[in-house]
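Now, the feature entries from TrEMBL:
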| type | residues | note |
| --- | --- | --- |
| DOMAIN | 3-149 | domain 'Ketopantoate reductase N-terminal' |
| DOMAIN | 175-294 | domain 'Ketopantoate reductase C-terminal' |
Amino acid sequence: MQWTILGAGAVGSLFATHLLRIGQKVNLLDTRQAHRQQSCPMTLALLDSSSFTCELPCIGYQDLSQIGCLLVTTKVWQVIPALQPLVGGLPESCPVILLHNGMGTTEWLVEHFPHNPLLAGVTSCGALKKDSNHISHTGFGETWLGALNPAGEQWQALVPPLAEALGHAGWSEQISERQWRKLVVNAIINPLTAAYNQPNGVLLQHQHEVEALCQELHPLLLQQGFNESVAEWCDLVLQVVERTAQNYSSMQQDLAYQRKTEIDYITGYLLQQAEKQGLELPRHRALYLKVKVLESQHTTS
Ligand code: KPL
């Protein structure tokens, strides 16, 4: 199997190096036209403290014949601009897997790549990219794939190599449910920790806020077909907080490094869905605005 990774951040680098380590063919699709390297050296620190060093071959948009199963691991707001150059050019046999935080890119993908097998993935693997050549697998997690269109259903064979590479992977008939659960976790942990500018564990001291945010989301979640109680949603979020207590959330890191955040596709997406249902989410809206203000402070200063 040839895998092509689009977006060599923490998750993309983790998947790329682990897949190469087990003998899969992997390349990186570099979106830069200029200054593209032939290959990228990368050292992976594994969970058992061993390490694996490799060279990841790099390709560009013009190398269409070298693109294999396209795993999109960019930031969510980069997904559409990064895939745009492939519209009309990507071979129709090539599967595309979206694996990013937040939601809101599926409709565009289905519209622009109508003949390709389309899939979505959800992962809870912990990864930390220390610099452009060092990736650490910091926490065992589950990875699930599922189809976004009928052609995607035929690609369950992607699961075994991922399971071998990462320690767990599975096929999900309810991938959108898994995306929603992750969305809820991200919509609570990410903006709160970004606002507190603290690691995820800080939320253990702010459980009333977690609870209030879960409470406010509950009518929307019921309308989406989820039967869990508010207490069960709180437990889900707090379990992730406990498991990742030492880690900084991706949104806290984005703000700390003065990068654009994924808030529009996390809380922004929830606000849009709520509005469609005639529901108000004032606490989530306030958090959304808070993150927007923090984000604008570094872009205007
Ligand atoms: O996915 C995450 C993120 O930071 O984006 C969580 C689960 C909150 C872990 O930090």
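Here, residue 1 is simply the first one shown, and the rest follow in order.
Note: Cβ is positioned from N, Cα and C throughout, glycine not excepted.
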For the domain 'Ketopantoate reductase C-terminal' (175-294), DSSP counts of helix, strand and coil?
92 helix, 0 strand, 28 coil
Averaged over the whole of the domain 'Ketopantoate reductase C-terminal' (175-294), what is the pLDDT?
97
The domain 'Ketopantoate reductase N-terminal' (3-149), counted residue by residue under DSSP: helix, strand, coil
33 helix, 55 strand, 59 coil
